[in-house]
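Enquirer: The structure under discussion is supplied below as structure tokens; questions concerning it will follow.
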Ligand SMILES: Nc1nc2c(ncn2[C@@H]2O[C@H](COP(=O)(O)OP(=O)(O)OP(=O)(O)O)[C@@H](O)[C@H]2O)c(=O)[nH]1
Ligand SMILES: [Mg+2]
């Protein structure tokens, strides 16, 4: 036995590779109950029982080595040793879903044909038991000619045994394997069937609830109604449940601000703290509860297996605009953030489908828009209910999300008939089994999301807001002159305002868009800082940004601002990731130009329609 350097996890999508990776290395890779979660190679450190450290690679799931999509190509290249800057892994851990053995054994044979030292992790044996299967790992081991270790990745069962088997594995390739296995796909399917049959000792005809549930959730009529209803509830909850927490946070920021004002001598540093840090960055941080509630829903949908069902339901609608259900998961991920959404398009095989999905991903309402929407809605939309307990604010929020989706569908339709013309590709998606989300996984997921949000507040939002505060604070205004007029920022606002005045924006709104190019939430902190600096007296300065907007903006102005943010590509990171994923500047430029154009048209149309309706 010689020293091992790298070990790689391979297997079908959704077999639990990342869950095993986390269990073996202590990492916290994203896991979720649908195919195509991992789209790039991730490395971690696994310590073998002997204390010997090896590099463990988590790879995207694959159905075969005839890679159809960019993520599968990564897996093929790493496993075959053709990945740039990477040596062939010494040992492969082939992950099989015990409850889906027959399907997973097809790709398994292709992996074993390579003749690399391989250990099989027969994962999800708990789910197999739940489904009434009794398995015989020895029989499977016999058939495959490699060790088979039963595991339950999420309960850490079989993890030490797996590590021990890796330690004991040979490191040299088996020259005979190729001859032994070399089969065509139909032959592989047939032998998978035989092997699965031999490995399953007994199968109680347990009536699974899955079929019954799916008959309702996937029903072409009831299914979409349930999906739509669920989304509706989410947006109601984002407002209704978050309010007490958001109010408490806002109160806290107010108390801090008052404390600073009382204890510090007036001066530039005090202004920096109250106007820039507390009014500005603080105005974004108070949206933490909303973000957490939104993600709680998304994480539950991902972990339970409902997300893949939603994709299945949407397939028909997506086909109508020339996309497939494959695009649904990347688009749904974009509700969190367009960056992972655009990355997730790597699981789309057809290049034109993929490009179209990348171009429309920024239209999905990412969580960075939530603070912008929430501030404006709280300021101008009354907190009333329409009908039975349906909050008007939540309804408007829901409408904004729908506007983004409808916009994306129209754009996709146009793109598929022009620049990304081509036949729509077929769609096959495995439906994962339903699982009860584990509280611990949820808590970790929520904590990670909250941390991402707070880190943004502390970095990009902080820097953009402080830069604006500096531009707004200097040069100092003379007696009787407004600080905005006197400042450098005033000059910036004057330059871009002529473009935005026709769509109903005032100068503060136009100015807020400039630093918000960095990140959308900055629009909120920028408005807060601008109004704090420009407050004529202490009473006004103590007001939050919501009160100032309520006092100074008309309803048509506010609606125009909301419409702008449905479309505008105000996020540098999205543009950067689009460049990386499309290998050039052409498509990101197309994306930015068309989105700004749409934003301008939408804001203008909204403003003038609202004005003519007398709102
Ligand atoms: N009950 C049970 N669930 C598991 C087990 N292992 C993983 N899961 C769940 O199965 C789902 C898929 O796990 P992942 O680790 O994301 O699967 P993956 O193979 O990395 O999937 P891709 O990255 O899409 O290829 C998640 O919801 C996990 O919580 C297991 O042993 N038992
Ligand atoms: Mg994974």
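Cβ from N, Cα, C; glycine included.
From TrEMBL, here are the annotated features:
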- 4-172: domain 'FeoB-type G' (DOMAIN)
- 221-242: transmembrane segment (TRANSMEM)
- 276-301: transmembrane segment (TRANSMEM)
- 355-381: transmembrane segment (TRANSMEM)
- 393-415: transmembrane segment (TRANSMEM)
- 453-472: transmembrane segment (TRANSMEM)
- 549-568: transmembrane segment (TRANSMEM)
- 589-610: transmembrane segment (TRANSMEM)
Enquirer: Is it the case that the transmembrane segment (393-415) and the transmembrane segment (453-472) touch, counting contact as three or more CB pairs under 8 Å in which the residues of each pair are 6 or more positions apart?
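Expert: Between the transmembrane segment (393-415) and the transmembrane segment (453-472), contact is absent.
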Enquirer: Given the cut-off of 8 Å on Cβ pairs that are 6 or more apart in sequence, determine whether the transmembrane segment (549-568) and the transmembrane segment (355-381) share at least 3 such pairs.
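Expert: With 3 or more qualifying Cβ pairs, these stretches touch.
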Enquirer: Suppose I define contact as three or more CB-CB distances under 8 A, residues 6 or more apart in sequence; do the transmembrane segment (276-301) and the transmembrane segment (589-610) meet it?
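Expert: Per Cβ check, the transmembrane segment (276-301) does not touch the transmembrane segment (589-610).
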Enquirer: Averaged over the domain 'FeoB-type G' (4-172), what pLDDT does the prediction give?
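Expert: That region's mean pLDDT is 93.
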